[in-house]
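Notes for the one structure printed next.
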């Protein structure tokens, strides 16, 4: 459905994790009517979709769509294949190369879906919570990638060619540390107990505490002198530090 002249709709990619939830909060704070897009892509940590539902309900988004695409058909990642998730890696090691948790072309696939929905809604804005500081070295989280995709998007769409709408991809977290991201979210009232970040959760959905995503999350809470409110394996929660 097209939007009214006074309504600003945005597509926000929402995984259910810490970064995407903060991004959703930022989009709403900037006055956008949010349509949230999540993906069931055969991920090892499918429990994140329950977190995405909790988050989008808490923020009362206009609509939440969970698109289904089975990337297990290709594999090639610890998140979609029978490859072990790296544990207890140092921050230096995380930044030294592209890890096996990288899902080939995932953000390109996700942003393409977001672009298609944005055209239908006549929305000019897409938000994605990529980060190029405290991250695991994924190539599709870099500023130059986002810039290139935005250029492509405006060349590849009816609205872009006709000049009736210019798409902007917003990356409000791209230059923030994990600690800064958490502080921004807390200032906006985000309840991080609703979120899920772990790549290798237990059968009960508890975070492992040792994968890259958990370690970066714990680092962010420690930087704020706070305890992470989610449950970890072997403990009710994980204290800062």
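Cβ atoms are placed via backbone N, Cα and C, with glycine included.
Note that the structure is predicted; figures quoted are calculated from it, not measured.
Here is what Swiss-Prot says about this protein:
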BINDING   14, 15, 16, 17, 18, 19, 20, 21, 22, 23, 24  ATP binding site
BINDING   198, 208, 211, 214  Zn(2+) binding site
Problem set entry | Under 8 Å by Cβ from residue 208 (Zn(2+) binding site), counting only residues of that chain that are 6 or more apart | 85, 87, 198, 199, 200, 201, 202, 214, 232, 233
Exercise. Under 8 Å Cβ-Cβ from residue 22 (ATP binding site), six or more apart in the same chain: what's there?
Worked result: 129, 173, 181, 182, 184, 185, 188, 190
Exercise. Including all protein chains shown, what's the count of other C-beta atoms within 10 A of the C-beta of residue 24 (ATP binding site)?
Worked result: 28
For this session: Fill in the CA-CA distance, residue 16 (ATP binding site) to residue 211 (Zn(2+) binding site), as an integer in Å.
Result: 17
Exercise. If the ATP site is taken as the center of the Cβ atoms of 14, 15, 16, 17, 18, 19, 20, 21, 22, 23, 24, which further residues of that chain fall within 8 Å of it by their Cβ?
Worked result: 55, 129, 195
Problem set entry | Residue from 14, 18, 24 whose C-alpha is spatially nearest that of residue 211 (Zn(2+) binding site), among the binding-site residues | 18
Seminar exercise, completed: Cβ-Cβ distance under 8 Å, sequence separation of 6 or more, same chain as residue 20 (ATP binding site); the residues meeting this, in order, are 12, 13, 14, 52, 55, 128, 129
